Structures are given as C-alpha cells and as structure tokens.
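The block underneath contains the structure these notes are about, expressed in structure tokens.
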Amino acid sequence: MTASPWRLSVAPMMDWTDRHCRVLHRLITRHTRLYTEMVTTGALLHGDQGRHLDFDAVEHPLALQLGGSEPEDLAQCARLAERWGYDEVNLNCGCPSPRVQRGAFGACLMGEAALVADCVKAMRDVTTLPVTVKHRIGIDRQESYEFVRDFVGTVAAAGCEVFIVHARNAWLDGLSPKDNREIPPLRYEIVHRLKREFPQLTIAINGGIKDDETIAAQLEAVDGVMVGRHAYHEPWAMATWDERFFGAHAPATERGAVEEAWMAYLDARWQQGQPWALAMRHALGLWNGTPGARRWRQVWSDHRLKSLPPRQVQAQATAARLGALEAA
Ligand SMILES: Cc1cc2nc3c(=O)[nH]c(=O)nc-3n(C[C@H](O)[C@H](O)[C@H](O)COP(=O)(O)O)c2cc1C
C-alpha cells in the first residue's frame, strides 16, 4: 500500500514557512508535504499574485493555504492554485487571531459549518486539486465531541475528504494566537475518535508533536501527522523522516551537506543582489543539539555581518562552531 500523501507534513506558519524555509526543508526531507503560509483571498485577488504564489519546483508536494470565507472568492483562488501548479488547496478554519476573526474566517468558521461546506463545494467545482480543511477540535469552551463531529460531517458531505485537525480548542475571547497554541489543552483522543467514526476520510493530527516515536504512535491511530514548531526550530529532526516514514532515501545524511547546499542557495541569491538574512533566519536551528550550535547561530544573527557575502559569514560561523567544539 502506498503512503497517504498526508502521512507527514510541516504545518503552515505565517512569517515562517515562506519559500526560503520550504527550500531548506526540502534539503532535509523530500516526501514530507509542505504548506505555504496562509494567504487571504483578498491579498490574492487584489494583490501581487506572483509574490504570493510563486514557488520553486523542488518544493513539491506543496499545498496552498487560503484564508477566506466567501465561496466565490475562494473558488477564484483555487483556480489560481491550480494554474500555479500547487498540489492541494487548504482552507484555514483554525487561526484564532483577532485580525482573522474580524475578517470572519479562520477558527470562527468552525461555528459556521454550512458556510465552510459552501466554500469547499465552490472550490471543488472549479478545481481538480484536493480541497482540504485545517481546523481545531472546538471553539471557545465548546468541548463536546459532537461539535467537531458535526463540523466534519457537514464539510465532508460537501466533498472534503481530508481534515487536518489541530487537537486543541481555539479560545476566541482574549487569548493571543501564541497562547492559543499553548494554553487550550491538547486532546488527541478527539481526533482519534474522528478517524474511527469517519474511516473513509483522511484525518491528520496536529499539535505538540515533537519526536519520531510519537509520530509513529499517532500513525497507528490516524492517517497523517502535521508538525509545526518543532520542525521549524529543529529542522534536522526531519532528517529521519523519509527513511522511517516513507521507506525512501533521505536527501542528506549529515548536517554539513545540508549547510553546504543551503549556502549554495543563499549564494546564488546574493549574486542576484538579494540579502541573505531573511532566508537564513529559517536555518538558525540547523546545528541545534550539537556543541557549538549557539556560537554558530550567534554569528549568523550578528547584525554587523549582514552586508557580507554569505560565504564569508559561513566561514566565521563555522570557525566559531568548531572552536566551541574544541573547547568542549
Ligand atoms: C508562527 C506561527 C504561525 C502560524 N501560522 C499559521 C497559519 O498561517 N495557518 C494555520 O493554519 N496555522 C498556523 N499556525 C499554527 C500551526 O499550523 C499549527 O497548527 C500549530 O503550531 C500547532 O502545531 P505544533 O504544535 O506542531 O506547532 C501557526 C503557528 C505558528 C507557530
């Protein structure tokens, strides 16, 4: 049996999972599904489409995450996703930020299952790409399983076959987005129950997952696991994934090879006149867990070095890392 395309993925994260970040992740795992940051329908329909949608072919498989709640707008954006060559369109029904709530999308859409169903249907009518939904297990203090069950049931009836479930509620009344990723308790059993009661749907679980043993255990209960912050902060943690979860060769067996390929990427952009720091910030955790990692990160974060070519900074960072290694 071939693995579900949703078996492992890196979560959509605003300001984090941009094109540069996704290229870095691809140097470490080829098979993990990647997601863009959320792009709102307004930004796509009225803004610079190339800036929001362009990506590099190495980023496949890649999903575009949309934020919006107007079926017609979402349909237009789904068309764009297909034209640009994405592999999936994902609707954000889990983001609790006040800005998103004012736009009446994100997590508050969980209270409007019929509207989400209309959105999914409108997108499915215009694209052959899978249309998927990322959501929470509830909003505010609504903790009954029936609430999320009815949401999934209603949206599935409109044709959505893949649900990515962040296994905690979104508290829309006063918690910051950051607190909303930490304070509402994780309740994995709710997601497992969804899978048991909707066996025909693809259900992926998300929230607080940090190691391969937990991923493997979750895959016994659901079809997929989505990892967010851990993958971002500790990118090398993904180095085991292709072999362990996809039975495939990993693109790199050591961090040095990833660093080298990443430097080539930064250098190529530098040659075209682009600063490296915006891309490099995503790689600052590459050596985490090894002696000298902190020194390496400090050099790359040093504002005084930002105007140097990346290879020169790399030389300093490596010297600092290895110096710390020797001192250890
Ligand atoms: C900086 C940051 C930005 C995020 N932006 C988005 C987003 O654009 N869309 C979304 O659906 N979730 C977003 N999330 C939530 C993550 O996708 C994920 O659901 C959450 O971090 C829980 O997974 P984790 O515990 O593995 O990090 C964001 C999370 C972080 C940390």
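Backbone N, Cα and C atoms are what each Cβ position is placed from, and that goes for glycine too.
Under the heading active site, proton donor, TrEMBL lists C95. The FMN binding site annotation in TrEMBL covers P12, M13, M14, Q65, K134, H166, N206, G207, G208, G228, R229. If you look up TrEMBL, you'll see 10-307 marked as domain 'DUS-like FMN-binding'. As annotated by TrEMBL, site 'Interacts with tRNA' applies to N92, K178, R181, R294, R297.
Features per TrEMBL, on structure.
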residue : record                     : CB count, 10 Å
M14     : FMN binding site           : 16
N92     : site 'Interacts with tRNA' : 23
C95     : active site, proton donor  : 26
K134    : FMN binding site           : 26
R181    : site 'Interacts with tRNA' : 17
N206    : FMN binding site           : 24
G208    : FMN binding site           : 18
R229    : FMN binding site           : 16
R294    : site 'Interacts with tRNA' : 13
R297    : site 'Interacts with tRNA' : 19
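For the recorded site, R229 (FMN binding site), the DSSP three-state label reads helix.
Of P12, K134, R229, all annotated as binding-site residues, the residue with the shortest Cα distance to K178 (site 'Interacts with tRNA') is R229. The separation of N92 (site 'Interacts with tRNA') from K134 (FMN binding site), Cα to Cα, is 5 Å. Taken in sequence order, the recorded positions M14, K178, N206, G208, R294, R297 that lie near ligand 1, meaning a CB under 6 Å from one of its atoms, are M14, N206, G208. With a cut-off of 8 Å between CB atoms and residues at least 6 apart in sequence, the same chain places Y35, T36, E37, M38, A63, Q65, N90, N92, K134 near P12 (FMN binding site), listed in sequence order. Cα of G208 (FMN binding site) to Cα of R181 (site 'Interacts with tRNA'): a distance of 9 Å. Counting in whole angstrom, R181 (site 'Interacts with tRNA') lies 10 from the residue listed as 'active site, proton donor' by their C-alpha atoms. In the predicted structure, the domain 'DUS-like FMN-binding' (10-307) carries a mean pLDDT of 96.
K178 (site 'Interacts with tRNA') falls within neither a helix nor a strand when secondary structure is assigned with DSSP, and so counts as coil. Considering only the residues assigned to FMN binding, P12, M13, M14, Q65, K134, H166, N206, G207, G208, G228, R229, the longest pairwise Cα distance works out to 20 Å. A strand conformation is recorded for N92 (site 'Interacts with tRNA') in the three-state DSSP classification. Secondary structure at R297 (site 'Interacts with tRNA'), as computed by DSSP, is helix. When the alpha carbons of N206 (FMN binding site) and R294 (site 'Interacts with tRNA') are compared, the span between them is 29 angstrom.
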